[in-house]
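Since the structure comes first, as structure tokens, the remarks are kept for the end.
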Amino acid sequence: MVVNVDLANARKAVSFPVEELTHFINGGPEKTVRRRWLRSLVDPQNDPIFSNINQPFLSRDQYYILMIKRFKKMLQLKKLHNLQKDDWGYLIIFTMELSISTLHDLFFTPTLERQMSEEQSSKWFPLAKEYSILGCYLQTELGHGSNVRKLETTATYIHETDEFEIHSPTLTSIKWWPGALARTSTHGILFARLIIDKKDYGIHSFIVQLRDERHKPMPGIEIGDVGPKYGYNYNDNGFLRFTQVRIPRENMLMRFSKVSRSGHYSTPPHAKIIYDTLVSNRINFLELSTLFLSKALTIAIRYSLVRKQGDDYKDLKNENLILDYQSQQYKLFSGLALLYASFFNKIYMQKLYENYIKNIGKIDDNLMAEVHASSAGLKALCTDLVLEAIENARQSCGGHGYSQLSGIPNVLTYYAHLVSAEGENTIMYLQTGRYLLKSFLIAKKGSSTGGRLSHLSFYSKILMEKCAAETLEDLLDAETQLCAFRHMYLRLLSDLNTSIETSATTHPHGYDGSKADHMIDIVHLSRAYCHYITLINSHEGLQSVKKEQSAIYPILRALIDLYFINAALNQSGDFLIDGYYTSHHISLLKQGQKKLLNIIRPEAIGLVDAWEYCDNNLNSALGREDGNVYETLYEWVKMEPMNILEKQGKIVGYDEGLKDILTGKYLKEIKEIEIGKVKPRL
Ligand SMILES: Cc1cc2nc3c(=O)[nH]c(=O)nc-3n(C[C@H](O)[C@H](O)[C@H](O)COP(=O)(O)OP(=O)(O)OC[C@H]3O[C@@H](n4cnc5c(N)ncnc54)[C@H](O)[C@@H]3O)c2cc1C
């Protein structure tokens, strides 16, 4: 492999041990070894089914078929090597076989495991684990997604036969969007209104068989595909209409809520417990975010170290590498800063969630509220910022970034749905914001809020603080960064609460009505708070990096400092409004931003190479490991099916219309056929 000279030189200039960063990303050297081995299992050189080379030219159905074939192959590898949960998860993510397995492994199977009684689970869980049944998650309807409480599908208990009757009573109650529903799944976890003796007990979950042994829809079930989407087109997102479908009573998921043979309903210990899978998937979204962003940045940074454009003002004979432009560095290194901050968020949330799961059923209300609020807000902030950063990475590749062959549009259009799915982002921010407002009111009354909000007890003291930093170094001190964001978000929280309370006194709908008139501010507050907890998670994570992987600490610290500066400058008004920062602080932060870009510049290639994506996985002509961008683009365009046909003598479109236009035949046809028939419009 002849590596592009600029890319090779950039790799030589990296000052930190890249492999150590790889170990950190993977969770230790043993995991790196294991992951490299897993990667070799799906190397297209061993089995061409894993080759992505033709993927941009495939139609929806061709792509779906390829994914099904690959999935079958991967299940064989799983059996053969007895791959367990972590290995399997990595393989799925690495190959991006996300359609079937995400829905089945991340939504369907864990819900069976966690929401079913032991007896139910012993029946269904082994079937799901062995893929003898394939499942999807049937929540969203045509008319309602975010507002789960207003879902309309009904599950009515029939005393006589000890069954539930599942029905879609209206057009808007048709299930719409669920992934892997249209063709793949045999079963689904259904969210429907539980009705017993005409009483509505709200939304509960049920397992429903969708297709029979010959894979035909069950009686009373109409299933179809929702059609082409913005991206992620190989996934068979579907619609589903029930017409009085009967399922046994035992198909209701009864770990928490129960319905007895006599139709007696018993209540769950905590109403929100059935949304447990949602929380865990928000955390999975944090992981997916780091993977998708690292892919896009690997492509864009490698390309920016190969692409030359614009004269070097120091030596007009030379052209600059585009990564040497400060503006390009800002676009891409801000993405790197976000990538590693999101990585620290993911680590923190995984630990918090493990603790939550261990104690499920006997959960303390405060922990539950904190897990819900943090997972909601961080999911929203992270996916919002990552989507923006992937788009920035695409734009930073100029015109070539618009080509599917760059690999970025595929990453971007797949990733884009994460801002809407598993809790639409605005609604997630609002949930976190309301939690903050509620906690603030508790603190104001003198009660303790605990957990990460224990500082609310000293809110009035914090609101009096002013930043004492005099130099950039002072400003970037970890504790000073956290104090700044804590002060800023608390200022927003306190002012917002005052404003809501003031207008509530005259609002016809009181406090709630006034809150509804402050939605933009609640979202703004929520984002500020999430930046604050991202910084806490990052600095806590950095402490252990400093102890255990000291060689990569300085560069990771520089990235988190850049994250802090970017977030602070984007909200500089909120820091200036009560004089916490002065204009001197803002100008120091601007200087710091540029200084950090210079520090990161020589390390950038190491920060993306550490993710160890191979060419087949990136599937990008621009992000090639050897930097042979132009050769690859030229080679790949030859695979475009219309170019292949032309080589075979068939010029697509010529006989179908172009020839008539160019020879003037189209005019003759008008004269012969149309003239005189068409009346001019008045
Ligand atoms: C690719 C893809 C895969 C999906 N997979 C699945 C799946 O497997 N299973 C499944 O069940 N669903 C799935 N979904 C559906 C997805 O979960 C929902 O689309 C998502 O929850 C958003 O809900 P919605 O579409 O009803 O948006 P809406 O709630 O209608 O949002 C539209 C707009 O209204 C605003 N809005 C709505 N309510 C409020 C409010 N109370 N306050 C302020 N603003 C509000 C939102 O902020 C947004 O701007 C999938 C969707 C996509 C795109």
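Just so it is clear, glycine is given a Cβ too, placed from its N, Cα and C backbone atoms.
According to TrEMBL, the protein has these features:
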- E422: active site, proton acceptor (ACT_SITE)
- T140, G179: FAD binding site (BINDING)
- 18-133: domain 'Acyl-coenzyme A oxidase N-terminal' (DOMAIN)
- 275-437: domain 'Acyl-CoA oxidase C-alpha1' (DOMAIN)
- 478-646: domain 'Acyl-CoA oxidase C-terminal' (DOMAIN)
Practice problem: Determine how many residues of the domain 'Acyl-coenzyme A oxidase N-terminal' (18-133) DSSP places in helix, in strand and in coil. | Solution: 90 helix, 0 strand, 26 coil
Practice problem: Give me the Cα-Cα distance between E422 (active site, proton acceptor) and T140 (FAD binding site), rounded to a whole Å. | Solution: 10
Quiz prompt | pLDDT averaged over the residues of the domain 'Acyl-coenzyme A oxidase N-terminal' (18-133) | solution = 91
Quiz item: What are the non-local neighbours of T140 (FAD binding site), defined as same-chain residues 6+ apart in sequence with CB under 8 A from its CB?
Solution: K175, W176, W177, P178
Self-check item: Cβ neighbour count within 10 Å of E422 (active site, proton acceptor)
Solution: 24
